[in-house]
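Engineer: My questions will all concern the structure given below.
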Amino acid sequence: MQRSPLEKASVLSKLFFSWTRPILIKGYRQRLELSDIYQVPSTDSADHLSEKLEREWDRELASKKNPKLINALRRCFFWRFAFYGILLYLGEVTKAVQPLLLGRIIASYDPDNKQERSIAIYLAIGLCLLFIMRPLLLHPAIFGLHHIGMQIRIAMFSLIYKKTLKLSSRVLDKISIGQLVSLLSNNLNKFDEGLALAHFVWIAPLQVTLLMGLLWDLLQASAFCGLAFLIVLALVQAGLGRMIMKYRDQRAGKINERLVITSEVIENIQSVKAYCWEEAMEKIIENIRQTELKLTRKAAHVRYFNSSAFFFSGFFVVSLSVLPYALIKTIILRKIFTTISFCIVLRMAVTRQFPWAVQTWYDSLGAINKIQDFLQKQEYKTLEYNLTTTEVMMENVTAFWEEGFGELLEKAKENSNDRKISNGDNSLFFSNFSLLGTPVLKDINFKIERGQLLAVAGSTGAGKTSLLMMIMGELEPSEGKIKHSGRISFCSQFSWIMPGTIKENIIFGVSYDEYRYRSVIKACQLEEDISKFAEKDNIVLGEGGVTLSGGQRARISLARAVYKDADLYLLDSPFGYLDVLTEKEIFESCVCKLMANKTRILVTSKMEHLKKADKVLILHEGSCYFYGTFSELQSLRPDFSSKLMGYDSFDQFSPERRNSIITETLRRFSLEGDAAVPWNETKKQSFKQTGEFGEKRKNSILNPINSIRKFSIVQKTPLPMNGIEGESEVPVERRLSLFPDCEQGEAILPRSNMINTGPTLRRQRRQSVLNLMTRSSVNQGQSIHRRTTASTRKMSLAPQANLTEMDIYSRRLSQDSGLEISEEINEEDLKECFFDDVESIPPVTTWNTYLRYITVHKNLIFVLIWCLVIFLAEVAVSLVVLWILRNLSSQDKGNSTQSVNSSYAVIFTSTSAYYIFYIYVGVADTLLALGLFRGLPLVHTLITVSKILHHKMLHSVLQAPMSTLNTLKAGGILNRFSKDIAILDDLLPLTIFDFIQLLLIVIGAVAVVSVLQPYIFLATVPVIAAFIILRAYFLHTSQQLKQLESEGRSPIFTHLLTSLKGLWTLRAFGRQPYFETLFHKALNLHTANWFLYLSTLRWFQMRMEIIFVIFFIAVTFISILTTGEGEGTVGIILTLAMNIMGTLQWAVNSSIEVDSLMRSVSRVFKFIDMPTEESKPPTKSFKPSKDAQLSKVTITENRHVREDDIWPSGGQMTVKDLTAKYIDGGNAILENISFSISPGQRVGLLGRTGSGKSTLLSALLRLVNTEGEIQIDGVSWDSIPLQEWRRAFGVIPQKVFIFSGTFRKNLDPYGQWNDQEIWKVADEVGLRSVIEQFPGKLDFVLVDGGYVLSHGHKQLMCLARSVLRKAKILLLDEPSAHLDPITYQIIRRTLKQAFADCTVILSEHRIEAMLECQRFLVIEDSRLRQFESIQRLLSERSAFRQAIGPPERPGLLPHRLSSRQRSPSRIAALKEETEDEVQDTRL
C-alpha cells in the first residue's frame, strides 16, 4: 500500500478533497488493485481506536455500578461530533436564508418598488455567495461525521472481537452465529450510515422554527396550514412505513425459508445430483418464491406510493399556505416564489430529515445497548495453575454445562426487582427453568504422573470431551479440584485449519526448530502428503482447509498439538478421519514414541489404544465407570465393551438414559404452560414451540441430548427480547443476518420453519457459536494464505528439565526458553489469506447488461414507451401554459398603469401572470401525480423481471456441472440468491423509478427555463455535459473502490468465524493476541478502502456543487441583465434554477446508484450463462417405464439385453480406463482405472486418506470430469441420458443431506410412492419407531439439516431412499463415520437383507464392515494397485495386511461368521419401544 497524500495535503486540498485526484485518475485509466489503495492514517488504525475506546470502557466499568457504553463513546468522540454538528447547522441556515434574497431580487422588478431595482445586482451577489458558502460548510461536516461514524464502528468491532475471544463457553452456547454477525454488521453499520443525520434531531426543529418565522412574515397565520399538511404527510408516511414493515416481516420469513433450502441445496449439490433431485428442489424453491413475490409486490406498491407522495406534495404545501392568505388579502408574486422556496426547504426538514434523524438515534442507541450488554457478559476464566507440578489430578470433580438452579433463581430475583433482565438474558431464566439437567461429569477422580498416557473411553455423550474442556478451563467445575501445570497443548476432535501454509498451521507461532518440525511431520505421516505439493509445506491452505481431505486436516491439527512444547497433551479423538493403517502408524510413532516422555490424555474408542495406555478411564453417562490399568479393567469389568461401544441393552438403561432423541426434542421445545406454573404442575406435553425459548445446538460437544434434561416450562406469551439474545421488535422470530455485507434491511431475516404443510416444531432454530466450534463439516472458504513477518514478541515459558538429547522438546532455537509469537502481518499477504477471487465484472455496467435486462420481459419495453409518451404530454402542456403566461404577462404589463391595484397584486384576476403561473403549477403537479399510473406498472414489471432472472439462475446452478461448481464458493453462490436477488426485488425497481422521475423533472425544468429565457439554454447545455463527464469519470473509480471495500469486508467476518471455530485451540495455545492483530489488519484493509471511497464521494459531490454554483451564477446574472420588468419571469427562472440544482444532483446520484445495483444484474447473468451438464436427450432405445420409479428404464432396442428387460437388471459393472478430474484442465485424481464387478458382488475400497476413494464413487455417478468408459449390464454410459444413468445407483454419501421439509419429502421428493410403501421401507431400515414419535409422522417438518435426528438416523434416511428406488447398485462412502454402534448394526443388517442381490461398492474405515466384502479394490497414487479377495490380501504384503496386527488376523474370518449371530441381539431392543419411551440410538 502507498502512503496517503492526505498526510501532506494543504488545507485547501483537504477542504476540496483534491488529494484524492491521483487515485481518481488511476481508477479511470486502469483497474485498481489493493496495492493502489492508500494506507490508513495512524489515527484511524484499529489498534489506536480500539485502545482508546477500551481504555474509556474499562474506566467506565471501574467507576460505576451501572456502566454505560455511550459515556465511553462520548468521552472519545463528542467534541468532534459537536463541532461538525455546528458546521452542518450553519450550512443548513444558508439554505434557509436563500429564499429571502430571492424574494428581494423578485421584488426589485416590481413597478411599485423601483428603489430595490438599484441594488438587485448586489442582492444577486449575496445570493451567489450563500450558494458558495453552503458546500464549503456542508461537505466537510458530512465527511467529518461519516469519518467519526467509521471510527466508532472500527473501535466497536475490535472491542466486540476481543470480547468474543474472552467469552466463556457457557455464554457462547447461548449466542447464535447470526446474532453475533448481525451485531457486527447491521448494528454497527448504523454508525457509518446514520451519524451524518443524527444532528438533524435538533437542526430540523430549529430550521422549522426559523422558516415558520420567515413564512409568518410573508403569510401570517396561513403559513401554518402548509406546516400542518406536512405534519399530516409525515404521519401518513409513518403509517405507510409501518405497512411496509408488516409486509417485510411477513416476507422475511419466506425469504429466509427460500434461502435455507437454497443454502442446503448448494452445500449438498453433489448429493442432489447423485439423487437426481434437481427438478424436485427447483420446484420446492420456486413454490416458496411465488409466495414471497406476492408479499414483495405488496410491499413495493406501498413503498412506491410513499416515495411518490414526496414528489407531488409540493403543490399542496404551497397551495395550502398561499390560498388562505389570498382569500383574505392580496398577494404579490414575490411572496408566491419566496413561499415556494421556503416550502421546499420546509418539506425536506419535516418529512425527511427529522424522521430520519429520530430513526437514526433510535437505531444507534439500540445498537449501543446491545453491544453494551454483550460487553458485560461472562468471560472465560483461566484456572490457577501450579507451574511446578508434574502430575495431573482430579478430585471429586462435578460439572454442569448449564447454570444451576441456585444461580438462575438468584438472577430471577435480582431481575424481578427492577423488572428488567440484565445483560439481555431475559429469556435465560425461563429457557433453563427446569433444566437443572444431569451433570455432564460427576465425581470424577483420577491421577496420572508425568510421562504417562491416560486413555479416556466411553459411549457417545459420556462426557469425554467435557473432561478435556474442564482441564483446559473451558468448563468450570461446580465441585472438586483440578491440578496440573497449566502448560497445555490441545488437538480438537474436529480439526481446525487457519488460513495459511501447512508450516504455519503446524508451528502456529512457536519458534521454528527444524529438527523438531521434521520429527513431527514424520511422526504424523505428513511427509508423503507434503511431497505431492509443488510448494511443499508452503502450500497455501484455504480457510478451514477446504483443499485438504479430512484425514490430512486431522493430521495437521495433531502435528500442531505435538509440535508445541507442553507438559500436558490433550488429544480429543484425533484419529477419527484416518484409515486403519495411518491411524496405527501415527499412534505408534507419534503418541507412543515421540511423546513418550510427555503426559498425554487421549480420547479414543479403540481397544489397541487402551491396551498400550498406562491408565484407562471409562466414562458412562458422565460418571467414572472404571479407572485403572487395562489388565485391571479386564478382570474387574469384563462387560466394559458394552460401556465402551454403547452396546447396552434397552432394559439395562437407567430411566433417564431410556429417553430417546424424541424425548430430548420435547425437552428442547416446550410444555405449554404459564410462566407461573409450579414445577410439579406442568400441563400436557405439546410440540407447539415458542420463539423465546432457548435455542439449542443440533450437534454440540456439550451434547445436551445426552445430558438428558426432560422437561421445560415456558410462557405462552412471548417474552420481550433485548440485547444480543434477540431483537426487541421481533419477539417471536429472531432476526438473523445471513449475509454481513448485505446493506438491505431484508438481510436481517427472522427464521421460519414452516417449509411445507404439516406439523413442525415452531422454534427459532439457531446455530450457537459453540456449535460452530464443534462442527465436523468444513465450510467453504477462501483458498489463499497469510504469511508472517519477522517482527515478533516473546512469551516466556518454564523450561523443561531432565530431558534426554533425543527428546525433540529439549531443543531450542533461541538462547532462552521463550516462544516467539509473531504479531505482524503484511497487508499484501493478508489479501491472500481471506480475499475472494476478484470478480471479472467491468468497473461500469455495460450497455449490453442494460439492454439484456430490458428485454428479459417483453412488457417492460412497452411500459418504458408508455412512460415516455406521458412525459411528452407533460412537457407539451407545460410549454402551452408557459406561452400563455408570457403572452398574458405582456398584456398585463400594458394595462397595469390603468389599474388601481396592479394585476401583480391580485391573485384572482383572470389575466394576471401569476394566476396563469398558478394554473401551470397545478397542471404540472397534476401531471406529476399521474406518475402514479406511470410508475406503478414499471415497478410491477421490474419485479416480474426479477422473478424470471431468479428462475433462470436457479435452473442454471442446478444444471451446472460439478467441475464448474467446484470452482465457486458456496457463499458466493448463496450471495447471488440472497443479496443480489434482494437488490433486484427491492432496491432496483424503486431506484430506477426514482431516477426516471428525477430525470424527467430536470428535463422539464430545463425546458421551462430555456423557453422563458433562451439565453439560459446556452448555460444549461455545458452544465449538463459537465455533469455527464464528471459522472463517467467518477464512476470508474467509485465502483472499483466499492468492489474493493466489499471484498475487504469479507475477511473481517471470515476471520471472526475462523477464530470462533478454533477458539479452544487459540486459548490452549495462547494465540489470542496474534489473532487480535490479524483482525486489526483486516479492519485496516477495509478501512483504507472505505475511507478512500468516502473521500472520493465527497470530491464528486463537491464538484457537482461547484458546477451548479457556476450555473446558478450564470442564470442569475443573465436573468437580471437581460430581463426587462418581468417580475414573474425572473421568479420562475430563479426558482426553477434553484430546484434544478438539488434535483439534478439527486438524479446523478440515482444514476450512480442504478449503475451500482445493475452490477448485481451482471452477476446474475454471469450465473445464468454457466455451462450445463451434458445430458443427452433420450434416444429411441430408452423410454421411461410406465412404472412410477424413476430409477428404471425400459430397454426396447439394445443389442446387450433382451427386449422389454428392465435396466439395470443385474448390476454387473465394467470400468475401462477411467480417468477423473475435478476441474477442467486440472490434475487427474484417478488415472486408467479398470475393473469388473459381477452382479450382486460386494467390493470394498481401500487406500490412504485422500487417495481417491470418494472420487471413484463420484466418477461412477459422472459427477466429475471423466474419460474412459463404464458399462452397467452391457449398457455404456455414453448411450444413456445422464439423469437415467444416475438413477441406476443408490447412494449413501459421506455428507448426509437432509433438507428442510417433511419426512415424506425427504424420502420421496417427487411423490412417487404412497404411504404404505414408505412405511414399509421405514420399517425395514428401523426408522418407523423414530418417525412415529413425531406429531404428524411423515408430515413432520425437519429443519436445519434435520438437527432433531441423530447422525445415525440421517444415515438411515439415506439408506431408505436407496431402498425406495430399488437400486441395483449401491454406493456407500464411509457410512459408519460418527455412527453409534446400534445404528451401525442396523445399516449392516439392512445391507444384508434389502440389498442382498445388489452390487455394493463400499468405502469404509472399519475393518468389521470391510470383512463383508468379497473383493477389495486398492487405490494408491491415483491408480488401481490391486483388485483381490480378502484371503489374497492377507496372504501378501498389502496396506490391508499391515493394518491388521498378526495376533488379530486368525480371528478375522471367524468374526465375520459370528457377526451375523451377534447382530440381532444388539438390535433386538429396537422393537421394544413403548408409547412413552423410545430407545436412544445416539449412544
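Glycine is no exception: its Cβ is also placed from the backbone N, Cα and C atoms.
Model, not experiment: these values are computed from the prediction.
Per Swiss-Prot, the feature ATP 1 binding site maps to TRP401, SER434, GLY458, SER459, THR460, GLY461, ALA462, GLY463, LYS464, THR465, GLN493. Taken from Swiss-Prot, the feature ubiquitin cross-link covers LYS688. Among the features that Swiss-Prot reports, domain 'ABC transmembrane type-1 2' is placed at 860-1156, with the record citing sequence analysis. Residues or ranges marked as N-linked glycosylation site in Swiss-Prot: ASN887, ASN895, ASN901. Residues or ranges marked as phosphoserine by Swiss-Prot on the basis of similarity to another entry: SER549, SER660, SER670, SER686, SER700, SER712, SER737, SER768, SER791, SER796, SER814, SER1459. For 654-832, the entry in Swiss-Prot reads region 'Disordered R region'. Among the features that Swiss-Prot reports, region 'Interaction with GORASP2' is placed at 1389-1483, with the record citing similarity to another entry. Marked as region 'Disordered' by Swiss-Prot: 1444-1483. Residues or ranges marked as transmembrane segment in Swiss-Prot: 78-98, 123-146, 196-216, 223-243, 299-319, 340-358, 860-880, 920-940, 992-1012, 1015-1035, 1097-1117, 1132-1152.
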Engineer: At an 8 Å Cβ cut-off, counting only pairs 6 or more apart in sequence, do the transmembrane segment (1132-1152) and the transmembrane segment (123-146) clear the bar of 3 or more pairs?
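Structural biologist: Not in contact, no.
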Engineer: For the transmembrane segment (123-146) and the transmembrane segment (1097-1117), does the number of C-beta pairs under 8 Å, pairs 6 or more apart in sequence, reach 3 or more?
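Structural biologist: Yes, these stretches are in contact.
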Engineer: What is the separation, in Å, between the Cα atoms of GLN493 (ATP 1 binding site) and SER549 (phosphoserine)?
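Structural biologist: That comes out at 15 Å between the alpha carbons.
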Engineer: Apart from its near flanks, which chain residues at least 6 from the ends of the transmembrane segment (196-216) lie with a Cβ under 8 angstroms of it?
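Structural biologist: Residues packing against the transmembrane segment (196-216) from afar: 84-85, 88-89, 92-93, 96, 99-100, 142, 145-146, 149, 223-224, 226-227, 321, 339, 342, 345-346, 349-350, 353-354, 356-358, 360-361, 364.
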Engineer: Compute the C-alpha separation of TRP401 (ATP 1 binding site) from SER549 (phosphoserine), stating it in Å without decimals.
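Structural biologist: Just about 32 Å between their Cα atoms.
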Engineer: Please report, as numbers and ranges, the same-chain residues at least 6 past the borders of the transmembrane segment (223-243) whose CB is under 8 Å from any CB of it.
Structural biologist: 208, 212, 215-216, 302-303, 305-306, 309-310, 313, 316-318, 320-321, 324-325, 343, 346-347, 350-351, 354-355
Engineer: Can you give me the Cα-Cα distance between SER549 (phosphoserine) and GLY458 (ATP 1 binding site) in Å, rounded to a whole number?
Structural biologist: 27
Engineer: Residue list, the transmembrane segment (1097-1117) vs rest of chain: Cβ under 8 Å, 6 or more residues beyond ends.
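Structural biologist: Distant Cβ neighbours of the transmembrane segment (1097-1117) are 16-18, 20-21, 24, 105, 124, 127-128, 131-132, 134-135, 139, 142-143, 1009, 1016, 1019-1020, 1023, 1026-1027, 1030, 1034, 1038, 1133-1134, 1137-1138, 1140-1141, 1144-1145, 1148.
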Engineer: Given a Cβ distance threshold of under 8 angstroms, which distant residues of the chain, six or more beyond its ends, lie next to the transmembrane segment (1015-1035)?
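Structural biologist: For the transmembrane segment (1015-1035), the nonlocal Cβ contacts are 24, 28, 843-844, 1006, 1009, 1096, 1099-1100, 1103-1104, 1107-1108, 1110-1111, 1114-1115, 1118-1119, 1122, 1133, 1137, 1144, 1148, 1151-1152, 1155.
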Engineer: Relative to the Cβ position of LYS464 (ATP 1 binding site), how many further Cβ atoms are located within 10 Å?
Structural biologist: 25
Engineer: On the 0 to 100 pLDDT scale, where does the region 'Interaction with GORASP2' (1389-1483) sit on average?
Structural biologist: 60
Engineer: Among the recorded positions listed here, TRP401, ALA462, GLN493, SER549, which has the most company in the form of other Cβ atoms within 10 Å of its Cβ?
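Structural biologist: Output for this query is ALA462.
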